[in-house]
Amino acid sequence: MNTISTKLKKFAYPMILPILFLIVWTLLSTTIDNKVIFPKLSSVLYNFSHATENFIGLGSIPKNVAISIIRVLIGYLIGVIIAVPLGIFMGYISAVNSIFESFINVFRPIPPLAWVPLVLGWFGVSSLATVFGLTQGDAYVYLNNFKISMIFIIALGTFFPVITNVSFGVRNIRTTLIDSARVLGASEHDIFFKILIPGAAPTIVNGLRTGLGIAWACLVSAEMLPGSLSGVGYLITHAYELARTDLVVTGMICIGIVGACLDYTFKFAERKYLSWGSKIK
């Protein structure tokens, strides 16, 4: 009986706030009775139930979500590819840390949105189609969705939390583990790949998780840049201009759901494969 009660509580407690939120939403939308200021829950649910329709000439919700996910993943991977190796060397080699740490700390507090004027000046409305020299055809239409300025903003949002966590994780491996390995005849190659990287892995994964969350949060700002013609962020912006607040809320919920799913994926992987992390520090 206690086991059943515990399981019911585990299921019921997370549902309390969402149910209360929906009740308050319904009451407020009925009281205000203005779909522009406060759209009704039924309107948002209608959008989701007809998600494959062409919304305000911008395509279906799944199509826009897919384009946004690809944009985020491209920018995220670029940020990770730069941040992880540099963070490892900063944590492992004190001279490298001395060179880069102060410089990175100056730029880290600057929000990605503050870079927009510079980014537009540097890249304009160039896209991946420009990089590959395409000017027409289906490939051009598709790759033109991925503006370099958007990818840069997302990569920048990814870079700083990842490099901070990676360098911290490597730097905080217990020196006794490294010294013991050296005494036992381990090479620097073995120390690097069998002690430092595995030991720092939980912190590195946490940095990757944080970086992905920030990259996803940068999405709306990136998709508001000139040249954007698709994506959830652009859908939200265009819907606002047309006073389609119900579609704005629909887009916001899509961003929240996808972001939560991505975060859960990292949490699941960390819990399943890196639960030993705290024991090696």
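Sequential numbering from 1, following the chain as shown.
Glycine is no exception: its Cβ is also placed from the backbone N, Cα and C atoms.
In TrEMBL this protein carries:
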- 12-32: transmembrane segment (TRANSMEM)
- 65-266: domain 'ABC transmembrane type-1' (DOMAIN)
- 69-93: transmembrane segment (TRANSMEM)
- 113-134: transmembrane segment (TRANSMEM)
- 146-170: transmembrane segment (TRANSMEM)
- 191-208: transmembrane segment (TRANSMEM)
- 214-235: transmembrane segment (TRANSMEM)
- 247-266: transmembrane segment (TRANSMEM)
- Is the transmembrane segment (191-208) packed against any residues at least 6 beyond its ends, judged by a Cβ distance under 8 Å, and which are they? 80, 83-84, 87-88, 91-92, 161-166, 168-170, 172-173, 177-178, 181-182, 266, 269-270, 274, 277-278, 280-281
- Query: By Cβ distance under 8 Å, which residues at least 6 away from the ends of the transmembrane segment (113-134) in the same chain are close to it?
  - Reply: 140, 143-149, 152-153, 156, 218, 221, 225-227
- Message: If you count every Cβ pair below 8 Å, which range out of 12-32, 69-93, 146-170 shares the most with the transmembrane segment (214-235)?
- Response: 146-170
- Non-local residues, at least 6 beyond the ends, that sit with Cβ under 8 Å of the transmembrane segment (146-170): 70-72, 74-76, 78-80, 82-84, 86-88, 90-92, 97, 101, 104, 107-108, 112-113, 115-116, 119-120, 122-128, 130-131, 196, 199-204, 206-208, 210-212, 214-215, 217-219, 221-223, 225, 227-228
